[in-house]
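Quick look at what TrEMBL annotates:
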- 10-30: compositional bias 'Low complexity' (COMPBIAS)
- 88-313: domain 'Ion transport' (DOMAIN)
- 429-694: domain 'Ion transport' (DOMAIN)
- 1-34: region 'Disordered' (REGION)
- 75-98: transmembrane segment (TRANSMEM)
- 157-179: transmembrane segment (TRANSMEM)
- 218-237: transmembrane segment (TRANSMEM)
- 285-310: transmembrane segment (TRANSMEM)
- 431-453: transmembrane segment (TRANSMEM)
- 465-484: transmembrane segment (TRANSMEM)
- 505-524: transmembrane segment (TRANSMEM)
- 544-567: transmembrane segment (TRANSMEM)
- 579-599: transmembrane segment (TRANSMEM)
- 671-691: transmembrane segment (TRANSMEM)
Amino acid sequence: MEEPREESEPLLSRARGGSGRPAGSAGSRGVRVGPGAASRQDLCFDQAAVFIEDAIQYRSINHRMDARSMWLYRLYYSNTCQWTLSLTIFLILLLAFIETPSSLTSTADVRFRSAPWDPPCGLTESVEALCLLVFVADVSVKSYLVGWAQFRKNPWLLAYLAVLVVSFADWIVSLSLLCQEPLRIRRLFRPFFLMQNSSMMKKTLKCIRSSLPEMASVVLLLALHLCVFTMLGMLLFTGEKDDGQDRERLTYFRNLPEALTSLLVLLTTANNPDVMTPAYSKNRAYAFFFIVFTLIGSLFLMNLLTAIIYNQFRGYLMKSFQTSLFRRRLGARAAYEVLSSMSRRGEAHPRGVGVDPQDFLQVLQRVQLDSHQKPVIMEKVRSYGGDLLSAEEFQKLFNEFDKRVIKERPPLPEYRSPFLRSAQFLFSHRYFDYLGNLIALGNLVSISVFLVFDADVLPRDRDDFVLGILNCVFILYYVLELLLKAFALGLRGYLSYSSNVFDGLLTVVLLVLEISTLAVYRFPHPGWKPEMLGLLSLWDMARLVNMFIVFRFLRIIPSMKLMALVASTILDLIKNMRAFGGILVVVYYVFAILGISLFRGVVVAPGNGSLAPDNSSAPCGSFEQLEYWANNFDDFAAALITLWNVMVVNNWQVFLDAYRRFSGPWSKMYFVLWWLVSSVIWVNLFLALILENFLHKWDRRAHLQSLAGDPDTCCQVTVDLLFRDVLEEPTEDELLERLSCHPHLRLCR
């Protein structure tokens, strides 16, 4: 039910000219005055604060704006509620590893796997019910905040409600059957909770859907290519007995499904040159058939598919940033409209229309901002003095929110002694860091040298005396380096550098392991060999942790421009392509659940009633001979690994053949569909986005260099700001038109 307009909508009555500025003395009609003026002022401040938070987070502003709804809205987007929702999504997805069939075994190999733990009925179901209740609260809050009219038009919210209804119904069926139902339909819908909570994943799915027609045309060409060469191969390889052609026919072209599968695998080059060898051994002219097939299919059509995907997604990041920019500008403009209605209220002759900086400062006090960012923004606002902020100036202030403020380093400790000051200068200099990196390099070289020398020596015959002494020396240096840097920079100054925090933690861990090693195995001596206690000895753990010192060398990347560009591209991909990782999680999850439903228990170890031969009699290169027994769908974790191995497509013909024998020829449809979704669509999509991001940044090296020379050294520039100059700024008419359509905020003109 809508709130009364007097409480939810500040009156912003003004007549506008073509430029968006009010005509005449429109500012005198800004806000009603009366007994409720103070409460309306608080409401306006809260509305402006919410709009600013929406703009900062690139959120939609189409939600209820009354006082109660804004309180609920800010509570919903608080860190506590969002972390609770994310944890709930993670928890319900994690249930697949625990519920029947459980993945809690040490191995997935059917020959050695122990009986998995079977959770009692109601245990995982209770956790799932709690998660579903959280999702019910989530969809209820979202539906209330957007309003019933918007809810009916939102397909994701409608689908959210439908998935919850189906999940609860299936949950009730599970309890009524005492958790013995053959299929849990709701498991297939769990990834939906991950998708609906990510706007980027929704945009990605929309782009994939728009690209499907063109991708389908190339896939149709691939299918036609396969069919034509399959029939040509079956007509070509029809030799007599003991002929090379007959061997080719019996092995790869026995019938139409076998021939089609052989050439489909050859399209991925997984069985090349195996499929060509029998015929090629008889007559070298047969090589032309397979070469022409590979040229057309693998090198032309498959790359054409990659080009089409790249063309569809070229500019995808720019479109995403364009949408984000429009949301930023719309939220800022909405905040401006609310605050400008309060400027110089009560004055008989207002100076004009704009935002009073003092009002803006009061609003900023209510906005949830980083504690280091808020003072910078407020200082920028104070620089305008008492002049009203125009719409353009107000929008420019929001560029400051794109900058991440670098924390100021604590001051260096002051020492009176000249000797201590000289030591402080020496140990805080960058050359001291270079010395530490050189020592770390020597540490890694020593480990590598001894690994090479001990490669041909049995573990029980090795003498770790020299390496043990060197390890003690290196760890003592790391401890000394930590103490000297803490002396030179101070404890707070030392901890203000993330690199120092990493070095310090690594040094402490190494010191604890080294002390434990000396306590257990004594000090190194000739013939010193620590015994294995459990999976790894303390000595092995110390050497393993010591290898993490290699990350110190990542600090040289910023000093190398080309490497810095590559590294920044990788970091941008990690930060801005989480949506594509989420899409991969969704398809893996769905196919794993389907695989468990279709192929659970079909892989049985030899001697347990299995039709599979043992290793000695199995054909070379078969599932049994290669001992692929751990690649099965008997539990969720094993299914994920099996799908990964198929996605890589190396030896995936082994899986096609094995599951055809174990469960029937229809199983090929499952694996071919997985290959299309994962290897063809998703991998090519990811490749296209890497190219787009890298090429764009490569072409903008000059811009990066200009930013590096910016005198405003107190801020780091985000990815959105780097692309800001190539984005199209929305016009004022577009913003006002969109604001006029706001379902819960009326702007009278």
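Numbers here mean position along the shown chain, with the first residue as 1.
Heads up, the Cβ atoms here are built off N, Cα and C, so glycines get one too.
Residues of the same chain lying 6 or more positions beyond the ends of the transmembrane segment (579-599) and with a Cβ under 8 Å from any Cβ of it are 93, 96, 101, 183, 187-188, 190-191, 194-195, 198, 200-201, 203-205, 208, 632-636, 639-640, 642-643, 659, 662-663, 667, 670, 674, 677-678, 682, 685-686, 689. The average pLDDT for the domain 'Ion transport' (88-313) in the predicted structure is 88. Taking Cβ pairs closer than 8 Å, the transmembrane segment (75-98) reaches residues 53, 57, 59, 104, 119, 124, 127-128, 131-132, 134-135, 138, 141-142, 145, 187, 190-191, 193-194, 197, 368, 585, 589, 592-593, 635-637 in its own chain, all 6 or more past its ends. Counted as Cβ pairs under 8 Å, contacts with the transmembrane segment (218-237) are highest for 285-310 among 157-179, 285-310, 465-484. Same-chain residues lying 6 or more positions outside the transmembrane segment (671-691) and placing a CB less than 8 Å from one of its CB atoms are 208, 215, 219, 264, 268, 302, 305-306, 309-310, 312-314, 316-317, 573, 577, 580, 583-584, 587, 591, 643, 646-647, 649, 652, 655-656, 659. For the transmembrane segment (465-484), the residues of the chain that approach it from at least six positions outside its boundaries are 427, 432, 436, 439, 442-443, 446-447, 450, 503-504, 506-507, 510-511, 514, 524-528, 539, 542-543, 546, judged by C-beta separation under 8 angstroms.
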